[in-house]
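In TrEMBL this protein carries:
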- 2-183: domain 'GMPS ATP-PPase' (DOMAIN)
- 29, 30, 31, 32, 33, 34, 35: ATP binding site (BINDING)
Ligand code: XMP
C-alpha cells in the first residue's frame, strides 16, 4: 500500500538527484497527474522548474481561470493563451484524426518555443503506470525526447509507478484542492474531439455551455464519484424544434455519462431520470442554438468514450 508522505519525500529526493541545478519544464494541463508532478518538481528544484499551461481554446468553461487560480502563486507558472494560433490552424478541418494531429503539432510548437526561452534541459512528465504498462519492453525507464528543433530534453517521470487512485492520494497529501484531485479525465485535444463540425469559436462556445450544465447537474446530484466521465458532445446534426411557438432548427447535443476503471472498457450506468431530464431541459432552454438533447447509451466496446 502506498504511503503518500514517504512517497513524496522519496520522489522529491529523486527529482533533486536527477535534475540537480539544471532547468526543467512541465506541460501543466490542470489534470491530476501533471498537477501532482508540477508540485513535486517545484518542491524539489524550486523555480528552476517552469510549469507551462497552454490554453488551446478548447478548454471547458472556467478551466483556464481555475488552473491559473490554483497554480499562479504556488509554482513558477506561465500561462500561454495560444487559442488564436490553434483555431486558425484548425480552420475548416472536420476529420477527427486530422484535428488531433494539428492540435498535437501546434501544442509541440508552442511548448517548444517556451522551452527554448528558459533553456530547459529536462522535461518533467506525469506518465502513470497504465500509460506504459501495455507497451512494456518498448519503453526504457530513462529516456530522452527530441523536439522538432533538435532540442533534446531528458525525461523525468516522478509518478510512473503510480495508479490514478494513488496519484490522487499523493495530491491530497500535497494539499491540492479536492476539486482538482477528483477532476474527471479530460482529453488533451479538449473540446476539439467533442465538437463534430470543423471548429469555430461559436460552436466551441455552444459545446462549452452544454458541457458546463452537464457538469453542474451531475456534481449537484453528487453522481460524479460514480462516473469516470460526464460531458456533452455537439453533433453536426440539426434538428427541427419548437421554442415558444416558433419553429426552430438547431443542434443535437448528446450527453455521455460513463463508468469505467481504466477507460479501456466503459459502461453506461443507470442514472436518476430526473437529473437527465433537468440536464436536457436546461440545455435546450439556456443554450439557444440547441433544439434537441439525446443520451448516449452505448458502452465501450463497441463505442469509444469520446465521439471523435
Ligand atoms: P476513448 O475515446 O478512446 O477514450 O474511449 C479513452 C479515454 O482517453 C481519453 N482520451 C484522450 N486523452 N488525449 C488524452 O489525453 C487524447 O487524445 C485522448 N483521446 C481520448 C478519453 O477522454 C477517455 O478518458
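Cβ atoms here come from the backbone N, Cα and C positions, even for glycine.
Note that the structure is a prediction, hence the values are computed from the model and not measured.
In this view, the densest Cβ surroundings among the binding-site residues 29, 34, 35 belong to 35, judged by other Cβ atoms lying within 10 Å.
For residue 30 (ATP binding site), the same-chain residues that are 6 or more apart in sequence and have a Cβ closer than 8 Å to its Cβ are 53, 63, 66, 67, 70, 180, 183.
Neighbouring residues of the recorded ATP site, listed in sequence order and excluding 29, 30, 31, 32, 33, 34, 35, comprise 28, 36, 37, 38, 126, 180, 183 (Cβ within 8 Å of the Cβ centroid).
Taking the Cβ of residue 31 (ATP binding site) as reference, residues of its chain lying under 8 Å away and at least six apart in sequence are, in sequence order, 126, 183, 185, 186. Candidate binding-site residues: 32, 33. Fewest other C-beta atoms within 10 angstroms, 33.
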